[in-house]
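Structure first, commentary second.
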Amino acid sequence: MRLIIVSGRSGSGKSTALNVLEDNGFYCIDNLPAGLLPELAERALIHTELAQPLVAVSIDARNLPSHLERFPQLLEEVRAKHIHCDVLYLDADEETLLKRFSETRRRHPLSSPHRSLAEAIEDETKLLGPIIDLADLKINTTSLNLYQLRDAIKLRLLNQPEPGTAFLVESFGFKRGMPVDADLVFDVRCLPNPYWKPELRDQSGLDQPVADYLAAQPDVEEMFQDISSYLLKWLPRFAASNRAYVTIAIGCTGGHHRSVYLTERLGQVLQKTLKNVQVRHRDLS
């Protein structure tokens, strides 16, 4: 059996996450009272129609505060049944959450005539503290549109061929901000930039002319060797410590050339020695 618990602040994308999981064969329950989590898991284990039932539930600030406080104990009870359980926590910065509520004109579940929207969001953060601390995977949706969020959930949660730590090597551009959910970040902006070559400007690190240009630069090769040596040494230690997800982010200025090239090469190297290595280019469209 596989159980995914979806949580996060209101407006961060929990409904989208449940829709993606439902589209991929999960039986989904929105706003499950946290106290019912062990009972739900027990019932799913004896489900007769599915050999490996897939269940996803959302647990958020609509729960009783006393249930949320007990979440660590409840999660421990579920995992004691040897259930493959992931806790996904979605979030966005406060400015983005305020903007989303303004655009949709929906009411925050904790809002009241005597509590502003900003205060409701702050209170929600405190209530969800026990879940935040135990999240296996955190996805910040601040800069993600609906389709990017759907892709991110499918990539991180549904495309794991084998159990164990899931590694994501991701390229990005600093001009659009650092990935806030990255565990390791490498800044490669000091390397020669193909952008300043007119014939390469409109191409990306996936294109052979750009790859050939970067491969011929000694600094690029040295950077690749240093990063790959570090990752090959230390990522197995992350896996040994029972980490469910590890994100490695490689950043250049625009996220089109240097970071893409190095991310591709690093992904190829890591896939030879580690299981569940995925590659993503955040700022390539």
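The first residue you see is number 1, and the count goes up from there.
Backbone N, Cα and C define each Cβ position, glycine as well.
Database features (Swiss-Prot):
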- Gly8, Arg9, Ser10, Gly11, Ser12, Gly13, Lys14, Ser15: ATP binding site (BINDING)
- Asp60, Ala61, Arg62, Asn63: GTP binding site (BINDING)
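Of the chain residues outside the ATP site list Gly8, Arg9, Ser10, Gly11, Ser12, Gly13, Lys14, Ser15, Asp60, Leu90, Asp91, Ala92, Thr141 have their Cβ within 8 Å of the site's Cβ mean position. Within the same chain, residues at least six positions away from Ser15 (ATP binding site) with a Cβ under 8 Å of its Cβ are Asp30.
Annotated GTP site Asp60, Ala61, Arg62, Asn63; additional same-chain residues within 8 Å of its Cβ mean position, judged by their own Cβ, are Asn31, Ile59, Leu68, Pro109, Glu124, Leu127, Leu128. Using CA atoms as reference points, the binding-site residues Asp60, Arg62, Asn63 were checked against Arg9 (ATP binding site), and the closest is Asp60. Reported as a whole number, the C-alpha separation between Gly11 (ATP binding site) and Asp60 (GTP binding site) equals 11 Å. Inclusion criterion for the binding-site residues Asp60, Ala61, Arg62, Asn63: a C-alpha placed within 10 angstroms of the C-alpha of Lys14 (ATP binding site); this criterion is met by Asp60.
Between the binding-site residues Arg9, Lys14, Arg62, Arg9 has the most other Cβ atoms inside 10 Å of its own Cβ, all protein chains included.
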